[in-house]
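To keep things clear, I will list the structure first and then write my remarks on it.
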Amino acid sequence: MSTREELEMTDVIFDRESDSGSEMDEETGLTKRERRQWKRQQDHLEDHLDIRIGEQIPVSKHEARLADRDVIKKLLINSVLILLWYFFSLSISIYNKWMFDKGHLDFHFPLFTTSLHMLVQFCLSTIVLFFIPSLRPSHLSQPYTRLRTDPTSSDDMDPGKRKPVVTPLFWLTRLLPCGAATSLDIGLGNTSLRYITLTFLTMCKSSSLAFVLLFAFLFRLETPSYKLILIIATMTVGVVMMVAGEADFKPLGFALVIASSFFSGFRWGLTQILLLRHPATSNPFATLFFLSPIMFVSLVTIATFAEGPTALFAGLSALAEKKGSIMSILLLLFPGCLAFCMTTSEYSLLQRTNVVTLSICGIFKEVVTITAAEMVYHDPLTPINVSGLLITIGSIASYNYLKITKMREEARREVAMGAPGPDSSIGRGGSRRGSVGVLDEADDEGAQLFAGEQSRNPSADAKLLSGTDCGGGTPSPPKRQQDLE
C-alpha cells in the first residue's frame, strides 16, 4: 500500500470518529480531530524527510548567495527592531529614574504611574486596530491551514453559533496570568528605583535570563544544548561580576528586582505562546489590546494597597502645584507613548526570533543602559564591574555567532530544497507567513499531504512557530497566511 493510500484510509477513520472530537483547542484553534490529523501528518512528514534532511545537500554558489542574502535581510530587520527597542527602553528608563528619584522630580508612585502607561498603550493599540482592520483578531485568522472543507468547522458554522475569538477559558488561563505577570515585572522593577541606583537595577535584572530559560524549557519553547548552556553560564558569571562591589546595597531593592526578574521570565514565555499560537493575539497590537487592560487593573489594585490613595492624592496635588495641571498630565502620560513603542518593538522581535534571543539582546541593552547611567547620573563602576561587562559582551557575541551560523545552514538547506523559510525573499515575496512553499510535484508521496500551503521542511515550521533559533523546540500547528498579514 502506498503512502498516499495509507493517508487516505487514515483520513476516513478520523472522519468516522464521533462529534466529540470537534471541541476547539483554546491554544491552537484546532478541533481535536483536526489536531490529530495535523500531528499525524507532521510526524509522517518528519519521518519521510529525515533521511534527506540529514544528508549533505549540495549547494551551488548561486544558492549560497541567495541563502546569505536571505540571512542578511533577516538580520537587518531584526537589527532595526533591536535598535528601536534599545532607544525607547533607554529613554523610558532614564525618564523613570528622573521622575521617581528623590533628587529630581520625586514623584514616588511608580506603580500608579506605570498603570497610566498601560492605559495609554490600550488607547494607542485601539487606535491602530481601528485604522488598520487587517490587524484585528477574527475567526478568519485561524492559526492553521485547513486540510479540507469541514462542515463542522468554526469557519463554516453559522456566525451565531461560533465561539468568540477570546473565550473565558482562554482569558483566565492565558491572558490573565500573562497580564498579571507583566504588571508585577514592570511595577516591581520601577518600585526598586526608589531604593537602588539605575545601574544596580540593570545589573540585577540581567538575572532574568536564567528565569527566561527556565520557563522556556518548562513551556517547551526551547531545547537546551551544550553550547547554549555554556554561553549562558559564562554570561551568568559576567552578571555576578557586574553586581559585585555595590557599595549602597539595599536588601529590599534587591529583592524587588529579583522578583521582577522572575515574573519577567514567566511573562515572556507566555507572551511568545500568545503571539504564535492563538489568532486573537497574533500581532503585537492585538496582544497589547487584550493585555493592557489587565495590566492596568492589576497595577491600580496593587498601587492602591502599596502606595495608598491618600498619599497618592497628596502627591498628585504637589505635582500639579509644582508643574501645573496640564504639564503634570503630560509628564504622567508621555512615558506611556514611549512604553507603547518599546513594547511593540519587543513583541515584533519576539515574534521573529525566540524568547532566549530576546533576553540576550536585553542583556546587551542593559549594558548600554549601564553606560548611559554612568554618563548621565555618574553611577560608579568598579574594575570588577567593567570586567563583568566585558565577559557579558563576549558571551553575547558568542551566542550571536552560534545563531548566525545556524541561520546560514538552515537558509542554504531551504534554498537547496526549494522551500524558503521565514522572511525569505526567495520565491514567494518574503512575507513571514507567505514564505512557506507548496511541495514540489517531484515529491510524489508527500505532494498531497496538505491541501493548503505547507512547509517542506518540518524544522522550518518548528522554527517559525516556536521561535526556536538555536536550541530547537516543539513544533506547533501551521498558521494561515492572513494571520500575520
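Including glycine, each Cβ sits where the backbone N, Cα and C put it.
Since the structure is predicted, the reported quantities are computational estimates derived from the model, not experimental observations.
Per TrEMBL, the features are as follows:
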type	residues	note
COMPBIAS	1-19	compositional bias 'Basic and acidic residues'
DOMAIN	80-400	domain 'Sugar phosphate transporter'
REGION	1-36	region 'Disordered'
REGION	414-485	region 'Disordered'
TRANSMEM	75-95	transmembrane segment
TRANSMEM	107-132	transmembrane segment
TRANSMEM	169-189	transmembrane segment
TRANSMEM	195-219	transmembrane segment
TRANSMEM	226-245	transmembrane segment
TRANSMEM	251-276	transmembrane segment
TRANSMEM	288-306	transmembrane segment
TRANSMEM	326-343	transmembrane segment
TRANSMEM	355-377	transmembrane segment
TRANSMEM	383-402	transmembrane segment
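The transmembrane segment (226-245) makes no contact with the transmembrane segment (288-306): fewer than 3 of their CB pairs lie within 8 A, with pairs spaced 6 or more apart in sequence. Within the chain carrying the transmembrane segment (169-189), a Cβ under 8 angstroms from the stretch's Cβ atoms is held by residues 26-27, 110-111, 114, 117-118, 201, 205, 256-257, 259-261, 263-264, 266-267, 270-271, 273-274, 278, 280-281, 290-295, 298-299, 302-303, all 6 or more beyond its ends. Same-chain residues lying 6+ beyond the ends of the transmembrane segment (326-343) with a Cβ under 8 Å from its Cβ atoms: 84-85, 88-89, 91-92, 95-96, 99, 105, 107, 113, 116-121, 124-125, 284, 288, 316, 319-320.
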